[in-house]
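Asker: Taken from Swiss-Prot, the feature domain 'MPN' covers 26-148. Here Swiss-Prot flags 97-110 as motif 'JAMM motif', drawing on sequence analysis. Here Swiss-Prot flags His97, His99, Asp110 as Zn(2+) binding site.
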Amino acid sequence: MTPGERSLIQRALKTLDRHLHEPGVAFTSTRAAREWLILNMAGLEREEFRVLYLNNQNQLIAGETLFTGTINRTEVHPREVIKRALYHNAAAVVLAHNHPSGEVTPSKADRLITERLVQALGLVDIRVPDHLIVGGNQVFSFAEHGLL
């Protein structure tokens, strides 16, 4: 990637980030959210598991990488996800991780951890509107495929 391309991507990320923090902009199901995730996660060489913390209006409070793994897996600990969601006083969280292979189809492990997280977060009244998998320039939505 050339320095000019890196600069362009950084400017695009800043623009999308500003847009996602504007009052009234809901984070879930927005094109900007998907673009932001693709720009942030598509080129990663290792799996990363990120959590996007939302308020009651599904507006972005904060987002962070909680876990980093290897080229084909990362270990996710529900306790840590809950702890950070409570720290941010989130009403909801969007889960996101990448597949460095570019294949966005969820694995059995992806489905199982999603179920565990939805159940665990539900115990403390935190909704999970979606879990997104980024692979290359594609995004798979658990919600859109009826898996939540």
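Cβ from N, Cα, C; glycine included.
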Asker: Mind giving me a neighbour count for His97 (Zn(2+) binding site)? Other Cβ atoms within 10 Å of its Cβ, every protein chain shown.
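Answerer: Its Cβ has 28 other Cβ atoms within 10 Å.
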Asker: Using DSSP reduced to three states, classify Asp110 (Zn(2+) binding site) as helix, strand or coil.
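Answerer: The residue in question, Asp110 (Zn(2+) binding site), is helix (DSSP, three-state).
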Asker: Whose Cβ lies within 8 Å of the mean position of the Cβ atoms of His97, His99, Asp110, the Zn(2+) site, other than those residues?
Answerer: Glu47, Phe49, Asn98, Val104, Pro106, Ser107, Ile133, Val134, Gly135
Asker: Helix, strand or coil by DSSP: which one applies to His97 (Zn(2+) binding site)?
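Answerer: Looking at the DSSP assignment, His97 (Zn(2+) binding site) belongs to a strand.
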Asker: Using DSSP, how many residues of the domain 'MPN' (26-148) fall into helix, strand and coil, respectively?
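Answerer: Helix/strand/coil tally for the domain 'MPN' (26-148): 36 helix, 36 strand, 51 coil.
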Asker: Express the predicted model's confidence over the domain 'MPN' (26-148) as a mean pLDDT, rounded to an integer.
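Answerer: Averaged over the domain 'MPN' (26-148), the predicted model reaches a pLDDT of 92.
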Asker: Check each residue in the chain of Asp110 (Zn(2+) binding site) that is at least six apart in sequence and keep those whose C-beta is under 8 Å from its C-beta; list them in sequence order.
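Answerer: Set apart from Asp110 (Zn(2+) binding site) by at least 6 residues yet with Cβ under 8 Å, we have His97, His131, Ile133.
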